[in-house]
Amino acid sequence: MIPVVFVFAHFLAAYALALVLPAVVAIGLGEGTLGLDFLISAGLWIFVAGAMMLSLRGRERRLRPSQRYLLALMLWLLLPLVGALTLTMTVDGLGVVEAYFEAVSGLTTTGATVLPPPEELPRSVVLWLAMTQWFGGGLTLLVVVLALAPSGVGGLPETHSRMVEHGGLPERRRLILLVRDVFPIYLGATAVTFLLLAATDLEAFEALCLAFSAVSTGGFSPRSVTIGEYVPTFGILVLVVAMLYGGTNVLWQRNLFQLRRSRRMSDRESLWAIGLCLGLGLIAGFAFFRAAGQGVGIALRDGLFTATSLITTSGFEIRHASFEIFPIPLVAILLAIGAASFSTAGGIKLFRVGAMLVQGGRELNRLVYPHGIRPSRLGGQPYDIQVMKAIWTGFLAFVFAVVALSLLLASEGLPYEGAVMAALSAVSNAGPIYASDWAVSGDWPSYADMDTGAQLALCLGMILGRLEVVAALGLLVYMVRRG
């Protein structure tokens, strides 16, 4: 437990330091005492993190797999307390559970919200909400590479994690090296997105918030209107590329920028994710063209944006009720699948779905050719029966989590269809999907109108989604066996 707390303290300190930027913005814009509130919250949590580091210095150890799972759980469960305390201090009338819900939603890049429209909030708070999603996107990548992939949780491809594995090093040193390997591209993509958006008619503040949210696939917008109502066409295309970045494998991106042709071509999952966005975008564009009668270019733009937003689990809407261009069952399937592994997107991930389909085809061929020799590679990645067991376990754990959460939400008074969509949106970390127009037509309650029990249940679903569900079950089994 002590090594886990020691590593957790470093994440806590980094997250608390992020509060300084909205404090500076609040002071610069003259937003009353908000700047002081941000600084007080930052100082408190930095003090707590510093006390942890000093008291546990010299007791650092290499984390075992069970301890890595515990670290991941602590990060998603306890780090939102930083954001929750900050929001209760800076947003009038916000309850404790609502603040925690908002903090969990932001940090897991889910994008569900119980707050008033952004136009009614101070700009420093809006910036903090966008920064929370951006920090959560980076945290997602680090947790996958640091804690989940080395153990092959849910069949995650180990060949990817070995590219940045720093075995035999103390955990703090390993964490520093992983940040060095993963974060430069993430930070660079954010900076490029911001500069390109700022070059349009958008305000610099709005461009920064959208850059934070698009790269992390969080779905937060600094305005309550749809994206198409205030972002020009060039900016929309920039957001599409940013969401595609967020939905593809960060280690594949690293190989891409390092010009490692053999490695970037061996990972086809990210290429499939991009191809799926383009293909579904063409279909959606044709549907928009027929439904709205707009020009071909605008229809294709809107279709590509909608498909990319859906597949990457971002949840941005380019026009009112744009997701209703697809049937709800198709939306649910796309949400459940998600994009590439080792990305900020939610869902089961394309690698697992592809592996299950290929294995199903192999089993059918076995009926015809019982003694045939069949390749055991998928998208350039090798897999065997142990990997398939892990993949099927992860898939069943995901389905079980969605079903259990749906029943729990239905018991809290949500309509059945709304409970299923809310559960799927939470576990897939795509909160805005539930809040689309069918929530109004189906008389589903908004996140803010849900009972406290439903909000806490959704928090659990968001956290399980980021833990790949099966890691939480593995930790639970370990704790039961240890008594």
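Placement of Cβ uses the backbone N, Cα and C atoms for every residue, glycine included.
Sequence-distant contacts of the transmembrane segment (38-57), counting only residues of its own chain at least 6 positions beyond either end whose CB sits under 8 Å from a CB of the stretch, comprise 2, 5-6, 8-10, 12-13, 15-17, 19-20, 22-23, 26, 82, 85-86, 89-90, 124, 128. If you look up TrEMBL, you'll see 38-57 (among others) marked as transmembrane segment.
Within its own chain, the transmembrane segment (69-91) has Cβ neighbours under 8 Å at 1, 4-5, 7-8, 11-12, 15-16, 19, 34, 37-38, 40-41, 44-45, 63, 99-100, 102-104, 106-108, 115, 121-122, 124-125, 128, 132, 139, 143, 146-148, 151, 462-463, 466-467, 471-472, 474-475, 478, counting only residues six or more beyond its boundaries. Under the heading transmembrane segment, TrEMBL lists 69-91 (among others).
What TrEMBL records for 134-156 (among others) is transmembrane segment. Note on the transmembrane segment (134-156): residues 11, 15, 18, 63, 65, 68-69, 71-72, 75-76, 79, 106-109, 164-165, 174-175, 178-179, 181-183, 186, 190, 212-213, 215-218, 246, 250-251, 341-344, 351-352, 355, 383, 387-388, 390-391, 393-395, 397, 466-471, 474 of its chain, located 6 or more positions outside it, place their CB under 8 angstroms from a CB of the stretch.
TrEMBL lists 177-198 (among others) with the feature transmembrane segment.
Per TrEMBL, the feature transmembrane segment maps to 230-251 (among others).
Residues 244, 247-248, 298-308, 310-312, 325-326, 334, 339-340, 343, 350, 354, 379 of the same chain, all 6+ positions outside the transmembrane segment (271-292), place their C-beta atoms under 8 angstroms from a C-beta of that stretch. The transmembrane segment annotation in TrEMBL covers 271-292 (among others).
The transmembrane segment annotation in TrEMBL covers 328-348 (among others).
Sequence-distant contacts of the transmembrane segment (390-409), counting only residues of its own chain at least 6 positions beyond either end whose CB sits under 8 Å from a CB of the stretch, comprise 152-155, 336, 348, 352, 355-356, 383, 416, 418-420, 422-424, 426-427, 454, 457-458, 460-461, 464-465, 468-470, 473. Positions annotated as transmembrane segment by TrEMBL: 390-409 (among others).
Residues annotated as transmembrane segment in TrEMBL: 455-480 (among others). Long-range neighbours of the transmembrane segment (455-480) within the same chain, counting only residues 6 or more positions beyond its ends whose Cβ lies under 8 Å from a Cβ of the stretch, are 66, 69-70, 72-73, 76-77, 97-98, 100-101, 104-105, 108, 110, 112, 114, 140, 143, 147-148, 153-154, 156, 346, 390, 393-394, 397-398, 400-402, 405, 408-409, 412, 422-423, 426-429, 431, 447.
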